[in-house]
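K.L.:
Feature annotation from Swiss-Prot assigns N-acetylthreonine to 2. Per Swiss-Prot, ATP binding site is recorded for 180, 181, 182, 183, 184, 185, 186, 187. Annotation comment: Swiss-Prot describes 203 as ubiquitin cross-link.
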């Protein structure tokens, strides 16, 4: 019995000792994990500190411009500060790219060319490129089938299949003018063709080009076309072209003369690029009557596409496109709505859908019914009558 008790006591002591060691092991494992995490954090902090020290100790570099090569090893460069230097070139730099006018990075101490830089781009031109045309399909443009076909023939076909024009023996159009009343879809057409072609898209608001300093506006036009040539295929869309493309006259202020200089630079650039080069121009205006004849002549703007007010069938197509995403209840008689929308443009038809939705919200509904559309078109018809009958005479505003 004594031996049994002794055996039980030893076993109990062994189990207790095992549990104690197990707890100690788990505690040590936890400490090791914590130490490893602290080590990772310390290494990260160390690397960050090393990078900061390198940044503080590093020497800046100079931007210069290649004037001309002297021989295979040396070039004449002009530093941004003004002086000219005869410098060497780093072995890893491709010397064929170092042509006259190339921007380069020079070492601060030895003035060795470290690498070539891309052409400097004006921030205004850079922002033009980052205008997103959106994801617009041709099916989202209603009632303009003929105009879409003509625009695609003038812009898309020369960019995608230039060999067709070579085989036939004709020169493709350089540019297209879209003209028509406001709200008929000129800008929408340009966005649709830009989003359906794998090409760069520069959207230019013509009034934003005009600068108060003489020569700056013409320089922007030059930079815009240079950038387009370097990033072919490219479509340049100039909205409200009447801001700079108005008819020239001999008299006027200095501001008028600056606008005329800008127009002359635009005319020169339109004549300058290759017919089969992949740079195409689309211009839009609702005042074609004020444009300069030199801008409108074939060879610059080869096609003039009128974007008219939609007829009854076109209004039906446009209204259905805008109403497609609206939550509706019951049957909608689009023919009755379209008959009341005589003289409406595409923007007005979109506004009908917006107003119908507002009537539904006012009635505390989350869907639109036919009566909402009828109320909306009647309301906007009254507004259109007011808009068309607003004639002001010389006595307006006088007591």
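Glycine is treated like the rest: Cβ placed from N, Cα and C.
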K.L.:
Taking Cα-Cα distance, which of the binding-site residues 182, 184, 186 are within 10 Å of the residue listed as 'ubiquitin cross-link'?
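P.N.:
Checking Cα-Cα distances against the residue listed as 'ubiquitin cross-link', none of the binding-site residues falls within 10 Å.
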K.L.:
Determine, for the ATP site, the additional residues of the same chain whose CB lies within 8 Å of the mean position of the CB atoms of 180, 181, 182, 183, 184, 185, 186, 187; present them in sequence order.
P.N.:
286, 307, 345, 346, 347
K.L.:
Within 10 angstroms of the C-beta of residue 181 (ATP binding site), what count of other C-beta atoms is obtained when all protein chains are considered?
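P.N.:
For residue 181 (ATP binding site), the 10 Å Cβ neighbour count is 14.
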K.L.:
In the structure shown, which of the binding-site residues 182, 185 has the fewest other Cβ atoms within 10 Å?
P.N.:
182
K.L.:
Since the record lists 184, 187 as binding-site residues, which of them has the fewest other Cβ atoms within 10 Å of its Cβ?
P.N.:
187
K.L.:
What does DSSP call residue 180 (ATP binding site) in the simple three-state scheme?
P.N.:
coil
K.L.:
Tell me the coarse DSSP state (helix, strand, coil) of residue 203 (ubiquitin cross-link).
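P.N.:
Assignment for residue 203 (ubiquitin cross-link) reads strand.
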